[in-house]
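Visitor: According to TrEMBL, the domain 'Cupin type-1' annotation covers 10-161. Residues or ranges marked as oxalate binding site by TrEMBL: 56, 61, 66. Sequence annotations record features per position, and here TrEMBL assigns Mn(2+) binding site to 59, 61, 66, 107.
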């Protein structure tokens, strides 16, 4: 039996801790947090960014388009279109600006201001998923064969090994 709690969430007004490697924190409200979203095809996120370079790193949502609105701060945002063009589309956003990241494309947001930034993002799925590119490529479990990554990224294998250690990949 559904209750009001299945359709609500409190606390999205509270800033989140951005003291991590990338300087951002995503608070995702999907069907796991709000069961009433089941079958509705939407979810919501609050993203907090540290001053001077807080980054929501390059990632993709395999099941959703994203639209975000800047509430505080100044963000440099962008996405890359699919092969064969791989066009980079970017813009600097200010409070009140809105930007759309099309379904499944790699995108990011970077706080270029000296103050914290906050955005709210709507996603076109109750379970959009997130694949952070660097984590997936260099931090997989088990690790992707370093020869594959060295060739794909035109890198020395020592660099690949270093990146795999940095991203916590599991070689077992």
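Residue 1 is the first one shown; counting continues down the chain.
Glycine is no exception: its Cβ is also placed from the backbone N, Cα and C atoms.
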Visitor: Just the number: how many Å between the Cα atoms of residue 107 (Mn(2+) binding site) and residue 66 (oxalate binding site)?
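Guide: Residue 66 (oxalate binding site) has its Cα 10 Å from the Cα of residue 107 (Mn(2+) binding site).
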Visitor: Here are some binding-site residues: 56, 59, 61, 107. Which one has the most Cβ atoms within 10 Å of its Cβ?
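Guide: Of the binding-site residues 56, 59, 61, 107, the highest Cβ count within 10 Å belongs to 56.
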Visitor: At the level of the C-alpha atoms, what whole-angstrom distance separates residue 59 (Mn(2+) binding site) and residue 66 (oxalate binding site)?
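Guide: Distance (Cα to Cα, whole Å): 12 Å.
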Visitor: Grab the pLDDT values for the domain 'Cupin type-1' (10-161) and give me their mean, rounded.
Guide: 97
Visitor: Which residues of the same chain, at least 6 positions away in sequence, have a Cβ lying under 8 Å from the Cβ of residue 66 (oxalate binding site)?
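Guide: In sequence order, 100, 101, 107, 121, 122, 123, 124, 128 meet the Cβ cut-off.
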Visitor: Using the CB centroid of 59, 61, 66, 107 as the Mn(2+) site centre, which other residues of the same chain sit with their CB within 8 A?
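Guide: Other same-chain residues near the Mn(2+) site: 60, 64, 79, 101, 105, 106, 128, 130.
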Visitor: Take the mean position of the Cβ atoms of 56, 61, 66, the recorded oxalate site. Which other residues of that chain put their Cβ within 8 Å of it?
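Guide: For the oxalate site the neighbour list reads 45, 59, 60, 64, 68, 101, 107, 121, 123, 128, 130.
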